[in-house]
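So the structure is just underneath, and the comments pick up after that.
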Amino acid sequence: MTFSEILDRVGSMGPFQFLHVAILGLPVLNMANHNLLQIFTATTPAHHCRPPPNASAGPWVLPMGPNGKPERCLRFVRPPNASLPNDTQRATEPCLDGWVYNSTRDTIVTEWDLVCNSNKMKEMAQSVFMAGILIGGLVLGDLSDRFGRRPILTSSYLLLAASSSGAAFSPTLPVYMVFRFLCGFGISGITLSTIILIVEWLPTRMRALMTTAVGYCYTIGQFLLPGLAYAIPQWRWLQLTVSIPFFIFFLSSWWTPESIRWLVLSGKSSKALKILRRVAAFNGKKEEGQRLSLEELKLNLQKEISSAKAKYTAADLFRIPVLRRMTFCLSLAWFATGFAYYSLAMGVEEFGVNIYLLQIIFGGVDVPAKFITILSLSYMGRHTTEAAALLLAGGAILTLTFVPSDMQTLKTALAVFGKGCLSSSFSCLFLYTSELYPTVIRQTGMGASNMWTRVGSMLAPLVKITGEVQPIIPNVIYGTIALLGGSAALFLPETLNRPLPETIKDLEKWSLWAKKPKQEPEAEKASQVIPLQPYGPGLGSS
């Protein structure tokens, strides 16, 4: 008897599972608010230099830029002199007395003057947040294996609630960055634990449907954020509003049970048995739960216990040839997806369209994108879906460099299309990666691969700074990397209707067999059911 069969005895899809997924999925609804929050809390309004204090008498004329608009970062050294008819080529100087902002919104840009020479600090703040997600994934993944999934989930809820609330009261930009780093750190713990706890408590046949539902929670969150931002123009109050719910999630997480597999493998079988009996009672199968014994639980999970004794490290991903090639291609695909995704998601104000409307459109494209991805994964395969998603996204981003700035509708359409393709890539990669790595090193492989999307999302805001040298450079870099990621995916084997490898030897045998002409008996195909796990960027990105 396997764990899935034990789960069937206590109720594999009863009221407990629906409540369990709802409690874990509800916070995902609010994850987009934090991943994309800086779109609204760090918008840069139109601005110009503040005149010097002694310029109150008479109008102060600003120098004009090449585009015919007033300069944003320069002012004349002295006011115009009517007695000098040729007083047109006057000396200029930086904005020594600050700036005047033409906006009713209050953002970190207007509060700390993150414009002109300080505009790089705005992108740096977003990169610091992404760095928190990266470091959190590396640290909390190991702690999750040591202390359990639920303690990490609960503490991450509290960390995100406290640090995000602290960011709302930050007196200076450095303090704000520290709190945003901690926000990203907490988001990693929530993402990691949510994925594991949902998958391990669901039967194989329901994982596709329920994980897709959780992925759509993130999509719905993208619709809520523009409404909140429109209603709350002060960035501190907006920051605080999206933080308070996580104090509630911290309290509700105490109901979430620990992973049974982790409890058994950690020598806490008696506690695992108590949880299984409580689940059975909740699902109306109390008698079945009482029939379970400690000896039966240990005996039936003996295979999992034996597999856990074989220890593999991240070094094995590069030491073993079959894993090395796979890891390189997957890492490039993950990096390209996170790199290009956040270049579009965080750059909505660059398209000259109302940022509230555009963010709703960006969220809306995920609805058909995820549905098309599920169909493509099921009928065309993982290999084709992943390569096509990244190649199409790269092509769309590169095309943006050739579209004139006055064709805003076309630029917006290309950006929305590219973002939809990258959402599809995220959904595919979670499934594809879990199917390619063998069970004995699957968690390590997933963690190492997913780390690269965090690196990509951290570097994406910094690449925007190169636009000061030449405006087309950022999109050329984003698009080229996406094309490279799609090309790397072409070298990965197909996993559609293939059995999941359990050991390294299984993977080596499977790789050799996969190179041969496909002559798989129909009966064997019917017996090989591979669960779809199309997580969205909220569970993999945010």
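Numbering starts at 1 and runs along the chain as it is shown here.
For all residues, glycine too, the Cβ spot is worked out from N, Cα and C.
Under the heading domain 'Major facilitator superfamily (MFS) profile', TrEMBL lists 83-497.
Taken from TrEMBL, the feature transmembrane segment applies to 124-143 (among others). Beyond the ends of the transmembrane segment (124-143), by six or more residues, the same chain brings 38, 42, 108, 152, 156, 173, 176-177, 180-189, 191-192, 342, 346, 443, 447, 450-451, 454-455, 457-462, 542 to within a C-beta distance below 8 angstroms of the stretch.
Annotation source TrEMBL lists transmembrane segment at 179-202 (among others).
What TrEMBL lists as transmembrane segment is 209-231 (among others).
If you look up TrEMBL, you'll see 237-256 (among others) marked as transmembrane segment.
The annotation transmembrane segment is assigned in TrEMBL to 326-344 (among others).
Sequence-distant contacts of the transmembrane segment (356-375) (same chain, six or more residues past either end, CB-CB distance under 8 Å): 32, 36, 39, 208, 212, 215-216, 218-223, 225-227, 229-230, 344-345, 348, 385, 389, 412, 416-417, 419-421, 423-424, 427-428, 532, 534, 536. Residues or ranges marked as transmembrane segment in TrEMBL: 356-375 (among others).
The transmembrane segment annotation in TrEMBL covers 387-404 (among others).
Per TrEMBL, the feature region 'Disordered' maps to 518-542.
Here the listed stretches are 179-202, 209-231, 237-256, 326-344, and the one with the most C-beta pairs under 8 angstroms to the transmembrane segment (387-404) is 326-344.
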